[in-house]
Amino acid sequence: MKKTALLNIALSRTIAGLGHGDILVIGDAGLPVPPGVELIDLALTPGIPDFASVLRAVLSEMQVERHVLAEEMQKVVPPGLVEIERLRGKLGKREWLSHEQFKVLSRSARAVVRTGECQPYSNIALIAGVTF
């Protein structure tokens with residue numbers, strides 16, 4: 001059995017397969033998943049699992065070079081934004097896009113991780129870095 005915090009097989013496998021510059025999106029329950037992009041659906045009930053818990057678990061295994069957020073997040077300030085700020089040292093450089101541009105970016109993702117989060121704009125695109 002694994003020693004790290006992340007137990008979900010599909011998510012762990014996806015992270016292990018990421019290369020430098022690959023994109024992994026963590027999204028709220030309402031974020032559309034583009035056709036052809038793998039969906040890792042963790043949603044169980046509204047709010048479970050929440051965005052922040054999934055982000056922490058992903059960061060336990062993923063090296064992140066930079067991250068992208070929707071500009072609308074700054075106006076709504078969902079609870080996940082507090083966690084993003086707390087984890088900023090593990091997230092690299094920040095970029096802001098409109099929510100529509102964020103959805104276009106998600107077309108290039110290796111996978112979208114769907115959480116049970118129901119707070120608007122609780123989405124982040126993580127761009128993989130390297131550990132060397």
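Placement of Cβ uses the backbone N, Cα and C atoms for every residue, glycine included.
Summarising the annotation, Swiss-Prot assigns active site, proton donor to His20 and lists sequence analysis as the type of evidence. DSSP assigns His20 (active site, proton donor) to coil in the three-state reduction, outside any helix or strand.
Marked as substrate binding site by Swiss-Prot on the basis of sequence analysis: Asp28, His99, Tyr121, Ser122, Asn123. The secondary structure of Tyr121 (substrate binding site), as reduced to three states from DSSP, is coil rather than helix or strand.
The two recorded residues, Ser122 (substrate binding site) and His20 (active site, proton donor), have Cα atoms 24 Å apart. All protein chains considered, the CB of Tyr121 (substrate binding site) has 24 other CB atoms within 10 Å. In the three-state DSSP scheme, Asp28 (substrate binding site) is classed as coil. His20 (active site, proton donor) and Tyr121 (substrate binding site) are 26 Å apart (CA-CA, integer value). Neighbour counts of Cβ atoms within 10 Å were taken for the binding-site residues Ser122, Asn123; the minimum is at Asn123.
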